[in-house]
């Protein structure tokens, strides 16, 4: 069965290629730092399951040390100039979109169809991971088609990929790091303590105040944790279940579903949700690291208010 | 109470603009130690969680393809396509993208678009081209306008994803709500939850769509 290990091996090889490409890029004064950073990430993908928990922990500390010490620079891989690109795009026309569309189309087809493919009674693809696996297959297909059609220099995909990953830099592992922080928070019982505090500030019997603390608490705690999934069990335990559902007889479906969406409004407003807010700012080469968050606040706040009102009205019909 | 030290470290660390990786790691170590774990156990727990969450960083494998196509003028092509389209504006373009993203997410197709797959190579350059086309003749977009338009393209992707995906019954957040409530003896079918994602999805479309139309008006005046 093809599962995550195959995908991780592929990703490990991609990061290894970035590391080697960085190493031989003499235009980057900090090329050793870049090579070490992507090399360690490659090691994590290729051999993470064999390093042991402490080994992985030390690997993470090394990644953080490199980033914290400012050891990463930005390479200048050889690429085409803006003028050449304009000329090439005029010559190649709209066909240029086709390889780019292979990735989403494969993801779409794979998500729908891969579960049905089986060899000798066993599924060919791990059914729990079809989406990620079809993303990986889409990348391989798109890469193969582009290489055959455009015939770039053989190392071009690595060099072009390195150009983009260097513009993201250390922020590339921030989402994974934040997910790991969530696990440590859960281990230490941070959620229970926050829940006790939130539960203690509701005035007795005031329905609007209880709904407001629940919805705003979802958004606020999500902003701190960077993830509504971490906030939901905590706020459900502190307020959602004991106060709103059991105490006041509210509709659990409305409270659960809309409470989670109130949390998503918090996701739009926090740098802790790095993969949605910080990474795109880097990918789009924005000057302001918080530019995406700034663009989202005026949508998130009114929408949070709407969620609060939906719970207040429809959970207590 | 001491276990909350990690939260304080994160807020302070982001405020003084320390490297976020450093802030997150210090917060994790402080939290674990405050909870009575020894430092080696905290590092191990952090390492195990990092290893378990590798799937989060897998998305970067798309960069070689996107970079390669950029080398041959993909962004320029995306710009030309929009510049040739009469009546294209940033607002209209992003409203169409918002609706498409919401519908796709509501059908469970969350990873067919994203910041690396679609926003950087296609949506952001298209939005920039539309901005240039709708500004008063002879003006080119300045740095500030470009930043604003690109940030709005990324924001639109997020809004479309977040307020579409919960309409799909098998998405992780719906399953999390269901399993959390089950521990209290409250049983819900996923469909009961996902219908309650629809009002907020409509509100998100109206609020963000209105903001996009206002953006069009501001750009037209520049």
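The backbone N, Cα and C atoms fix where each Cβ goes, glycine too.
TrEMBL does not curate its annotations; it predicts them automatically.
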### TrEMBL annotation of transmembrane segment - which of the ranges A:27-49, A:96-118 it falls on
A:96-118
#### Entry: Within-chain partners of the transmembrane segment (A:130-150) [C-beta distance under 8 Å, separation at least 6 from its ends]
2-4, 6-7, 10-11, 98-100, 102-107, 109-111, 114-115, 157
### Query
Against which stretches of its own chain does the transmembrane segment (A:6-23) lie, if we need a Cβ under 8 Å and a gap of at least six residues from its ends?
31-32, 34-39, 41-48, 75, 77, 129, 132-133, 136, 140, 155, 158-159, 161-162, 165-166
